Amino acid sequence: NQVLEMFDHAYSNYMEHAYPADELMPLTCRGRVRGQEPSRGDVDDALGKFSLTLIDTLDTLVVLNKTKEFEEAVKKVIKDVNLDNDIVVSVFETNIRVLGGLLGGHSVAIMLKEKGEYMQWYNGELLHMAKELGYKLLPAFNTTSGLPYPRVNLKFGVRHPEARTGTETDTCTACAGTLILEFAALSRFTGTSIFEEYARKALDFIWEKRQRSSNLVGVTINIHTGDWVRKDSGVGAGIDSYYEYLLKAYVLLGDDSFLERFNTHYDAIMRYISQPPLLLDVHIHKPMLNARTWMDSLLAFFPGLQVLKGDIRPAIETHEMLYQVIKKHNFLPEAFTTDFRVHWAQHPLRPEFAESTYFLYKATGDPYYLEVGKTLIENLNKYARVPCGFAAMKDVRTGSHEDRMDSFFLAEMFKYLYLLFADKEDMIFDIEDYIFTTEAHLLPLWLSTTNQTISKKNTSTEYTELDDSNFDWTCPNTQILFPNDPMFAQSIREPLKNVVDKSCPRGISRAEESLGSGPKPPLRARDFMASNPEHLEILKKMGVSLIHLKDGRVQLVQHAVQAASSLDAEDGLRFMQEMIELSSQQQKEQQLPPRAVQIVSHPFFGRVVLTAGPAQFGMDLSKHKAGTRGFVATIKPYNGCSEITNPEAVKEKIALMQRGQCMFAEKARNIQKAGAIGGIVIDDNEGSSSDTAPLFQMAGDGKNTDDITIPMLFLFNKEGNIILDAIREYEAVEVLLSDKAKDRATIFKGKMIPNYIIDSNLEMENMDQKSSENDSHKPNSEEAPSESQDAGAVSEEPEGGGESSAVGDSDPLSPASAASASVSMADEDPHTSGPAEAGAPEPACTPGDSQPQEQNTQTEASSKAHWDSKVQPMESILADWNEDIEAFEMMEKDEL
């Protein structure tokens, strides 16, 4: 009764204040006439000066048992509506709303006439109007592909000089693929086969152009060439009703080819797009990669379609997630993110969620869905109801209104809400004898055996790739879909009841999977963790072997013959492809140059520079040229995965921690909370070094990392041990984190410099003077190469990036450019320096330059002369450095 009262409020206000205009403007209580109101862009393409809302509402009047009002409305349409207007309209919207509305009205009109009480005068007038409109839409199909133009002029068609359309090249998949029900019904009602033929040709073309490896379709397609213009794929805006019409075309027309196509697409949707409870767009060529991080409200129809398919569990999951969003915002925002924040805030009173609620109630009989429907009714009355109807929400967060009440609100919303609450005795006909179009118009199922001019089987396409298991539950019987357990649907919903508040859909999904029965979705590369025993077991089942390399990476190798089944082998292949795609994409899109950790305290004074891996979060050292300088401190616990227990030791210092056990971003947040000004993560794989391994950058944890403001760097095990050894020997070790090594003049600017460095600088100046005097007499003499030149050759990054590899531990690492060497000497020694000592560092040598080995030895000896007795243990380290330098120079030459 409440639904009936709400419908009366909306319908009577349209008839009183707007008719014969296309739509009601409920805030200003007047009709929306195209051309008289400011243009709203593509939205206005639905308006054709044909009393859109009245035509769209015809069969709703009969469903709500308002037969007298229906009879009056049909007479008004026949008398007043003109379809021959010089106006450009959307082929898609005109088909589903006007052609569908006329056919739905005709369907219930002949049903009422047959019952003998109402519509006895009716003689197919609505069908004649539908046929006239059908012919007006046909010019849009004048393309080589058979895909229709997106718009048509009702009076002049497409290519006529006065048509003002026909220049478009693209259309959406749903726009071209949502015609078959209305066009086939028109052909079956009238016996004129051309309409069904055109709609079938468009569907056939889309099917042929699907991406063959993923079996997905894109959002927009070129109507002349068939090339995909937008290559993202989902179940929301732009594609939604294409999938819906494949299944419903099978139900209405009985053609097996439509069911086969639907099942092929559905298998791909559940494999790639469905990430319970989310439905996320992916790339058709790289279906394991998400195309965006938000969902649009039109996908709310999909649980209802899943009910028709007979796949109830994911329908319950997605519907419940959407309901949680509605409870948070009162309405479903036009788009919302994966963590359930508002992306587009408007809500034009869309009916898709009510549609899915109705279907789920029909399938489960669970009274929970009656409560959901009650919530929808209450929210509409509380937030959308205005004196002249119901107004769309301009912003669900503020509750502001838009002067808009779309025709689909009367055509669909009240129909589904009434059917949700209606008992059988409340209906004057059996709703099960009809199928709903995407606009909820009613087409009788008996059309499947009427005027069949088209072969049931599409013989032009082979379906050899299909698996018979796709056809389970072809015509689901809801009486046997569930065990005799009234709590069945609730058990599926329960893990999702706080999904929006927790904002952790992926975690919920994993937990939900463990509760569910039946096959789990394939393991995604982005979720894979080498430390997870369950993941390792899944890899084994897919025939994928995991090999731990010495440098800490893991190598994945697949042998299909070792997989548990052919399907598992296929999943394994997809998993491997995704790993390669992820690695490649990260390398291309997120590659960062290596950073430097420079030890500036006694006795190093900036001479020791360690090559460090960057982080994709935290302070960007390339934008902070001064870098971050501070003493280092080892944290407790050493892995940094929980609250730091020695914050007093870490405050205002650079924290040292070990890799592993948790995400890098989590470590960063913990040390930042403890007061650290920066962090260095040291690899836990013994012996790993940037000499032999490509440099890695630390990735985030998939969440927003804007809260991390300190710099984070990564050192392999060998480089990290240099700092740890220095701590053991000298206790207080100060380092500089920067984008590249600094010269000592920069490091010690404004700071007290040890006397022996000052002395050596004076000595250097004297040597400079002598050198310049000598140079004036000997212009061709060779300069002895300095230590910094040698170091320059080492610390330069070689051309070409490092190798790619996928890392599978708990720290999400992504490959970056290979580092040239783990350690480099950053400055000249005072006794052997050239003129560059006082100013900028000497330019690096090219990889092909040769350096006399004797000079290295001299440099090493002279530098040691100015270090105190504590430096003696560094001899072995210096020897290692020289070996590294020689080895890397040789490697560079080999590469060149």
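Cβ from N, Cα, C; glycine included.
Per TrEMBL, active site, proton donor is recorded for E93 (among others). Less than 8 angstroms from the CB of E93 (active site, proton donor) sit D45, A46, each of them six or more residues away in the same chain.
Marked as active site by TrEMBL: D240 (among others). Packing around D240 (active site) is summarised by its Cβ count: 25 other Cβ atoms lie within 10 angstroms of its Cβ, all protein chains included.
What TrEMBL records for E334 (among others) is active site, proton donor. Using a 10 Å Cβ-Cβ cutoff, E334 (active site, proton donor) registers 20 neighbours.
The Cβ of E352 (active site) has 24 neighbouring Cβ atoms from other residues within 10 Å, across all protein chains displayed. According to TrEMBL, the active site annotation covers E352 (among others).
Residues or ranges marked as compositional bias 'Basic and acidic residues' in TrEMBL: 767-781.
What TrEMBL lists as compositional bias 'Low complexity' is 804-825 (among others).
The feature compositional bias 'Low complexity' is assigned by TrEMBL to 834-843 (among others).
Residues annotated as region 'Disordered' in TrEMBL: 767-872.
Here E352 (active site) is positioned 11 angstrom away from D240 (active site), judged by their C-alpha atoms. Taking the Cα atom of each, E352 (active site) and E334 (active site, proton donor) are about 12 angstrom apart.
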